[in-house]
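Feature annotation from TrEMBL assigns active site, charge relay system to B:78, B:159. Annotated active site, acyl-ester intermediate per TrEMBL: B:183, in sequence order. According to TrEMBL, the domain 'Amidase' annotation covers B:25-473.
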């Protein structure tokens, strides 16, 4: 639970936050047309006659988008509505060819659900549930470009008609951190489910941020809605700014106006866009071009069966079945790509080595990737290679020191650890005859130190270990070296 | 054959097949007739090259023994259907010059069946009207005139006015129409031809400029019942591009035509007897009842208690949907654009729509916007949706007792141009008998019954159960055989 409070002149204020997240549905085609949804194409190259709202064109529902919304709802443990319907939201804008957006006001496909967020990854007791009000499917609009011509605006309809899920939370969050954790957790779940790629910088996920403030325990205050905020950082900044703006307004005797606002990331502030009085009358009504969406039991079952293990369940399994520390489990399950990589590694190495492997991934691998400025997706070391490296440590072929050397070489060359060990002779040796021979040489070359040691200067033991290892180019098995040295020095 | 343009769809198809004449001869005859009939203003554009190409293809197909169902039949296509490469206006200045890069499913089906296109038929703007007077391209004239010696110009009805006039004046043997609240049936009645609106969903709406999506249906208009059956068979069919199209096989309506309706029960809805309707309408209705009885049908009085709410319900739902459907005509992507100097986007919208739409379209957009707006939605649109369900239930209950309903098609014979333009309510009353079947999505057909005392055609309407086009066509055939309607307008054009 968060104790976030804004200190005002009249005392403490609590902030109340609800988020409406627009998540682009992962689907090759748009919600009601066959046009492609790929990001970054030439303007107006992915526009069907339906998307351009040519006369007489009709929408046809893409079942894959329905499936993705249902799977998302199931992942959020939400009510799935077996009967839903599309409505038209009517307004004029140049990026909206039909003059209406097809959406679901009256009968959304998904009803109430919830998301558990953790404010501290190491602490299960920091968990909090945030309610989901509903999820509905709707079309995205096109994009206006105002900087291409001195007096005209250009329209790119590639996004026009792309499927969005609008995921509406309840006003359950009480701090920017909670909102940040909610967005990250939601994005994680969407990526696990595969229903949205969560790439906020490409606009695949953006949020309308509803903020109000109140004295703790008082009824909800009047809220403002800041539209289209497109990063976790900006969402948190918008909340922070908007909450203190509202406190300032209220404490100077004013009233908060229910309005739509814009977030300016450069100035880190929100600005009024339009007030409730100027709000559109959207004249929603059921779209007569589309039939109601009726979901069969077989379809629902197929959706449920297609769901992967979700982050919370995975985290619990990592802790209870694999025995990972809470922090490791949390870090490795936060993103589906990380979990997949880790599980591929375990697939090669065996789950018995999970704890050691998790430590290695989090410290050695993440450290290296961080240093190289790379992500797991373009890691120079594959999960299979990592498993081989860890296996070489486990079977005594590599010492910790040697393993670090080999890992560095793997990062540089992309070679398999076995090849590196073989080619560069980096194998650790436990051959007692060979080690005894080296020890004999070291002792012979350091007669004076041997005498001192035998005279009681115990600290010199480390010196002999170092000399022996050095003579063996680091390849001696440290345990064997220790044991034989002790015997030799008697 | 002296005058090929006197032939209907079946006769042309059969004659081409039998070698009585070539498809080319047919096409040339109708093309000449279209040119001669320009005074009627039935066509927005003429497309003789399309008709001739289809005719040549038909003649080649005959030589190759590969005739199609409509090989050799030239048709008129209502200008509401998108025709690839040919201007498609919906009767509006807004779309003047607009040439779609796509073909509507219905026109595409007809062309695939071998038909050619003589031209695009004039119509009320966006199908909003009952007299064809709202067309941007000028009103269509009916070929009919009163027998009072005057030359008063009469309306062919609407919105498929160009379609009706073209068939009645024999500029085309058959045409497509569309019907939202009577736009096939009322003009058919006014011009003494036949026309059927099939069950909602039989014909795809893909490529048909939308007026009111939940009501719009395409259908054929032609000289007789058989011609309508032939054309409807070619037009109908499931289309995955229209979510509301019915995924059902198309019945063999023509092959199963039969005027034997002995034992059928035909309902006469008592609520369709309305005050203020001319006595001649009632008389022709009584005559029709007598013919049906003569054909061996049992006549049963039935009640459709919510009939009186149908017209107001229709005039809420249709404009509501239209106000949204017509939002796309904004000057941004196609059609007219009026961009005032130094104006912003809103200025462009306003100027474009002010110039592009006519008065009736603007009226309906305003009505539709009003009934959907916050604070009025429940009182108007929502209430109308509920009444619509009650009207559909009325029909269902009636069809528990009877197989078909027989009613008047329109509340009067064709009226003079300008007679009702000042009073929208009087104009809207034209839909009083046709509207309820549209709201219920039922198949309904207009067939000519006789002439009134002024020498103008009057028609009756047969309404059937959902999907029972066959029952409607068969009863209409029995009716047609007894009515023996052979009257023709005298050519003055």
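Please read every residue number as a count from 1 along the shown chain.
Each residue, glycine too, has its Cβ placed from N, Cα and C.
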Residue B:78 (active site, charge relay system): tally of other CB atoms within 10 A of its CB: 33
Cβ atoms near residue B:159 (active site, charge relay system) (within 10 Å, other residues, all chains): 35
Around the Cβ of residue B:183 (active site, acyl-ester intermediate), the count of other Cβ atoms that are within 10 Å: 38
Rounded Cα-Cα span from residue B:183 (active site, acyl-ester intermediate) to residue B:78 (active site, charge relay system), Å: 11
Rounded distance in angstrom between the Cα atoms of the residue listed as 'active site, acyl-ester intermediate' and residue B:159 (active site, charge relay system): 5
Local backbone state of residue B:78 (active site, charge relay system), from DSSP in three classes: strand
